[in-house]
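I have a structure I would like to understand better, so I am pasting it below and will then ask my questions one at a time.
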Amino acid sequence: MAIEQEHRKKASGWAARDSSGVLSPFNFYRRETGEKDVTFKVLYCGICHSDLHMVKNEWGFSTYPLVPGHEIVGEVTEVGSKVQKFKVGDRVGVGCIVGSCRSCENCTDHLENYCPKQILTYGAKYYDGSTTYGGYSDIMVADEHFIVRIPDNLPLDGAAPLLCAGITTYSPLRYFGLDKPGMHVGVVGLGGLGHVAVKFAKAMGVKVTVISTSPKKEEEALKHLGADSFLVSRDQDQMQAAIGTMDGIIDTVSAQHPLLPLIGLLNSHGKLVMVGAPEKPLELPVFPLLMGRKMVAGSGIGGMKETQEMIDFAARHNITADIEVIPIDYLNTAMERLVKADVRYRFVIDIGNTLKVRS
């Protein structure tokens, strides 16, 4: 049963009303702070490429009105009576999920991101039937279990994208054992995901090669992000020279691209981990996998324990996303630029200073 409006908090944000993807101001309600809930004032929210897919219903399950945003950071304004981890004034964040069953094998293993009953931060339904709205809004209410603490030395705007892009790349580096000093890891694509993958891998002591279709990104990869080497994936001579040299590859690309050349870069027992989500199936040649016991795997965000671990690791190593901070009324232009990959490397909305809240 939906909660009555008089028992909800008024909220203001920006929403898409249909698959045109155009966003505009939208007033709505969030639930009151429950006994295990944390309410916080949203200060910044990153724009993820999945937000673009969702506002345009490109994955086919969007519902409208849709308030996007799952890279949400801010300051706690209220806590429930049974909240133990947070207090008013704490710097906090919410990523891609705001609920799970908390009892299945995945949940008990701190893998809420793989719970069959996970609740996405926006465009989903809470167990009471109410709609989840994301971080393009002035306030957020969530169970404390799905909230992470942002250390004081991390700037909130640069930390916001870590709640999606950061954990999406950190988790496979850890899980697939590609975090050992001296290992050689490739990162395919130098965008919102790829640039933080390079930063995390380098902080772990890993040798990093960036693999890109664009020769223009070489200087950025080597001099700014600190990668050890750079491969132009369309340069057959470069790719041939690197065959069999990598322990693993994190593939962040969401566009159509061939996997065979990437598999060739792996050494025996090497792992190609897909974290991008192309709209159409990719062709997977099996024979090259057999000839080196190679693996192609996938990874999606991370559980709450690991997300906090990732944020703490980022704080220790001064890792933030490279961002362009925008006012919220620039949102539709930012979405158009995102389609063209015209951002270095993540848009972050300055919610706290630019969102006009309804009276």
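Each Cβ is built from the backbone N, Cα and C atoms, and glycine gets one as well.
According to Swiss-Prot, the record shows the following:
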BINDING   Cys48, His70, Cys164  Zn(2+) 1 binding site
BINDING   Cys101, Cys104, Cys107, Cys115  Zn(2+) 2 binding site
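Locate each feature and note its surroundings.
In sequence order, His70, Glu71, Pro161, Cys164, Ala165, Gly192 are the residues of the chain that are 6 or more apart from Cys48 (Zn(2+) 1 binding site) and have a CB within less than 8 Å of its CB.
Under the DSSP three-state reduction, Cys104 (Zn(2+) 2 binding site) is assigned to coil, being neither helix nor strand.
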I want to verify one value. Collapsing DSSP to three states, which class is Cys115 (Zn(2+) 2 binding site)?
coil
Near the Cβ of Cys104 (Zn(2+) 2 binding site), how many other Cβ atoms are there if near means within 10 Å?
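Within a 10 Å radius of the Cβ of Cys104 (Zn(2+) 2 binding site) lie 16 other Cβ atoms.
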Around the Zn(2+) 2 site formed by Cys101, Cys104, Cys107, Cys115, list the extra residues of the same chain whose Cβ is within 8 Å of the site's Cβ centroid.
Ser100, Arg102, Ser103, Glu105, Asn106, Thr108, Glu112, Pro116, Lys117, Gln118
Run through the Cβ atoms and count how many others sit within 10 Å of the one on Cys164 (Zn(2+) 1 binding site).
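So the number of other Cβ atoms within 10 Å of Cys164 (Zn(2+) 1 binding site) is 30.
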Centre the Cβ atoms of Cys48, His70, Cys164, go out 8 Å, and tell me which other residues of that chain have a Cβ in range of the Zn(2+) 1 site.
Gly46, Ser50, Asp51, Gly69, Glu71, Gly95, Cys96, Thr121, Pro161, Leu163, Ala165
Measure from the Cβ of Cys101 (Zn(2+) 2 binding site) and count the other Cβ atoms within 10 Å, all protein chains considered.
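Its Cβ has 15 other Cβ atoms within 10 Å.
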If you skip the near sequence neighbours and keep only those at least six away, which residues in the chain come within under 8 angstroms of Cys107 (Zn(2+) 2 binding site), Cβ to Cβ?
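For Cys107 (Zn(2+) 2 binding site), the qualifying residues are Ser100, Cys101, Cys115.
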